[in-house]
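Here is the structure we will look at, set down as structure tokens.
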Amino acid sequence: MLLFTEKMFLLIFIWILLGIKRANIEGADVRVTGLRKYLLITRCPLKVGSGIVTSCSRHPGAICNFTCDAGFYPELGVTSVICGNNGQWARKNVCIEINRGLIASSTNTKHIYTLPTAPDGTPSLDLIRSSRFPLDVRLLSVDGDYILKQAYVYDYYTKAIYKNTNFSIGPSGENEWAILYRGLSKAYVKLAVDWISHNIYWTDPQYKWIMVQSILENHTSTYRVLIHEDLEGPHALAIDPMEALLFWSDIGTFIKIEVSSLSGRNRKSLLFSNLLRPFGLAADHVDRRLYFNDAGRETVESITYEGKERKILLRGTDSFLFDIAVYKEYLYVTDIHNDEIYFLNKTNGKELHEKLSREDEIYLGVAVFHPDAQPTSATDHCVNYGCEHICVTEKDGATCLCKDGYSLSHDMKSCALNTEYFHRGLIFSNKSSICIVDIRVLTDFVFDPKCILKTNGTKNIILDTDQRQIIFANDTAIYFAMVDTSESHRLTELSGIISGLAWDGYDRNVYWTEMNGDSIWRLSIQSEIAQVVLDGLYKPRDILILPHERLMYWISDRNGSSIESSKIDGSNHKIILTSGDVVDPKSLSSDPYEKRIYFLDTAHTNISYVISCKMDGSDLHHFAVTNKSLEKLEIYRGYLLVTAKDADGTFMMSYSIALKRSTTSGVFPRTGIITAIRVFDETFRQNETGPCFNLNGECEQICISNGMSRICECTFGFRLESNGKTCTSDPVKDNFMLLADYTHDVIYQISLIDQSIQGIKAKRTHSLTGLTYSPVNDVVIWGTDSPELSIMHLNGTGKTVLFYDDVDYYPTRFAVDYSTGNIYYTAMNFMHFTKKTKNFIRVKSANGKQRVLVTELNYPTGLVVYPSKGLLFYTDSGDRSYLNQINMDGSQSEVLLNIYDDWATDLTVDYKRDYLYWINYLDSSIQYCSLAGTNHNTLTQYPDTILNGLALYQGYLFVPIIRHRMGHLIRVNISNTNETIEFATYGELGTIRGISIYSSRMDDKNDFCSISNGGCSTFCFPIKTGVTCSCEDGIQLREGSRTVCSNIPQCPELIYPIIVSTHCQRVKGSSCNFTCIPGYKARPGVDKVICNGEKYIPEDPCEESHAVLSADKEKVLLGIIVAGVAVGVGIVIVICLFIVRKKRLKNNFAPKRLEEEEMSGPDFRMNTSHGPEAKCVQVTYQNCSVDIRGHITVG
């Protein structure tokens, strides 16, 4: 019999069973109450994806901690997980596999950093110190092969590529890193891995080539120079094995991004306009777009695989964007100036996550190590294809390549050793042999030389790379030998001891000089005939031939050392460097790319120099490389190789011209004393040059070589003319904007009507600071950070540099008076940021005269003129910021507005509304006030931006703006600032630091100054009350003149037979009204005369108006005057006789007849002044005198 308590428990149990049956138990939907709910509550599972929950009830709503399984890592920001009401975790997975994510290299560490990422590309932002190096390294580039679980890095210090064969993203110890390839340059080498065929590619900017090597081999010798022609500075590198494409950037004379197949075929240029330093490339095989960062432009950009649809995603300020990688929607960019990694949206450039940075760490290379980033869906044609050395997958199949020194056999798979084994290397001689060593000795001394020829006392070597010949000389003869054989043959005997040996690869001639001789000799290899090219010299030595320029150089020791040159036929002999320029020069060499001469010299302090100059001897540069006495010099692909004697053998040093520092130095092992050095490179064909080598291929702007042909291209803003060589643009004359592109030092014109863009046809200017346009003379005016103003017509003609005297100042802001063409500008001191200086505002006339208007300014960075009102406005910042008004002649200064806690820049005026607008640089706002300084307010503000200029057109403000490192040109409606749009969104534009707008609709002028410069000889200045004339600095107006300066020559006001209008200033160039004197009239069609500074043009503007006047005007006038005088004399005599007779009759005197002889007595005199200047005729008889003017005087 059951106890009561037992019965109760049994009933409860049955009741629960019945409740379970009735309940709809699906997940968390169990509608029970009381004790049943407590006993049957749903719990989430213990496992959550690749993690396990720790110390948690796992009830619905519970927040539980977790740990990840081995090989996994928490996702970004995920530290806990919530149990849902359905008994399932709110997140399906909280852990991601550790062995996938980002690889980042850094300075100041021996580690490779890794960042595990989620499948969507979200980084963990928790760096893991993954692989450790046992030595100090500086890893500039990194990449990986996820399929092989291998990682590769390039180390700047050891100049080598390292390989890790068991790489992991997760934490690890000191993994095994082995050298894959050594002997690279000490430069910005970049790596890229082909994960389909398993090859690694790299660029070498100093050696100027791109190389490829298989990463399937277990040894380090399967490398090949893939591309070397027409490369000047290969830097960035990217691969898309899915499309079988190889991309790279070439930073040289013309900076460009190129593409080829993975075997180096089908090469073409994708982008060649408006690039500066594209250091990073990333290929997106999903969207077929190429992403790149340009450290010079401070941009992240993208184009299609065809080079189209260029788009700027990010524009930085004060940054150095170094490397880039792409994965799904993410771009990962390293900034080595700000020590950060950016995580950007690849479509719009927006930051998807906060930047990653660590103290004392500079992130350099970045790569994605993830199976989704390296899919294997493309066919690997190399599988079982059977290439002996290197196999690359192309779009249509596999291609076999052989490592250097080998060539493909007939089966196109196996490789055979070339009979021409040596392709490139350093050839040197000692007292008994000529030897060759791997060219990589320029950066690493680990390579052993191989001696190929026994000789006796070789002192000079030259190379015929076309025929693979070594030509060398000892004291008695000149010999030649093939590089690949051990036999030599004599070319010619010498009459003296050789002092110089050179080779002309064009004509295959040998040139030499002999010690204590006076001639330069030439020997034809074909005919073996020797002749003197040039004699009468004094101990010529160290001869150098420049085949392409057809020039030769040598050192002469007459009255001290000098360097001389002539044409290759001996003509045009001249001295380019004298004993005043050099001390003891030796070992002439040349750089064919830079067209410069190099040589060794020893200063008076016994320090050895390498000195370079242009081919005419100008522009000397000194490189103080060592305190040793240098002996030999050779140049190869941007490296200077120098030798010096050392107690243990030969000291050798490799010096990078670009980096301006040594890359390798020390005693060269196992060589003895080196007597001569040359670099042998079979790719240097001396009798051939690329199609762009000479005269830029006759291209005006960009020459792109395509094998032995070339294509001319034009930079952004220009188009190629029908001749296929020259470039032009089509500038508009009205309603346009001018932009000063600071990044590219280029001026662009953008139409305000259709936003079309045109380049201003001019050579690159230097560091543009500002610009404007003058319709008076149709010229663009701009300034640079040098003491000069430049002007040029819109079509690129008439470029003139207007220097000014203050060499420490440069122009920054500009304004033009459309009435006169006078240019107003602010002048800033070069050192204004480092010392206290005073700046000023100056005006310059169209003919170059200048006058300082305002002095003692701090930082005048805003300037605008209002000619119709005679006013000039400017802003000055520094100790205080204020807006000032003056007359345009600099008088009547008045502070309109004190702008406290601001830095006012870039002033502009609204001529219709009479308002001033400017930028407050400190808070990135646009402010305004009335012309009287009232109604001051903020129009709009753009936080976290930089505003780089301001211009107004038809109620809109145009502003170059940088926001979140992205540059734009925006248009702001001043009546409704919400109406703000981007304007002229051209990806090729760089950072804009100057903007100017011209439209005839806003052509404000002063009417009086617009006509004949207001009658002023130099400056016509509008002022509030009218106009005033003024002179250049140091000159005053002529005494008594209000218009003409004392230093200005004037034409006369009266010059027979014209009288010039008193309203004309009569200075050179003046166009003057005139009148003719009576008897003359203006010639037909002549209504003005032009003053040339001394007389008027035309010289005879008047002609006689009476036919009686003969050509001999003087005689006719004289006849008329004489006749008039005779008549007058007769009348006077009659009057005098009448008066005398009347008096005598009155006094009872008897009449007395005047006899003829009495007329000629002493009592009668007649003075006649005649001619053009006659004034009177006077007759005197006894005491009576009468002149022709009717005056009678009785004495």
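A Cβ is built for glycine as well, from the same backbone N, Cα and C atoms used for every other residue.
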According to the record in TrEMBL, which candidate from Cys44, Cys95, Cys382 pairs with Cys68 in a disulphide? Cys95
State the non-local partners of the repeat 'LDL-receptor class B' (244-287) in its own chain: residues 6+ outside its ends, Cβ under 8 Å from one of its Cβ atoms. 188, 190, 192, 194, 197, 199, 201, 203, 205, 210, 226-227, 231-238, 293-297, 303, 305-307, 310, 321-326, 328, 331, 333-334, 346, 375, 392-395, 399, 401, 702-704, 706, 713-716, 743-744, 746, 988-990
Structural state census, the repeat 'LDL-receptor class B' (198-243) (DSSP three-state): 0 helix, 24 strand, 22 coil
Mind looking up the mean pLDDT for the repeat 'LDL-receptor class B' (198-243) in the predicted model? 88
For Cys68 (disulfide bond), which residues in the same chain are close in space, meaning a Cβ under 8 Å from its Cβ, but six or more apart along the sequence? Ser50, Gly51, Pro74, Val94, Cys95
Provide the number of Cβ atoms within 10 Å of the Cβ of Cys95 (disulfide bond), excluding the reference atom itself. 23
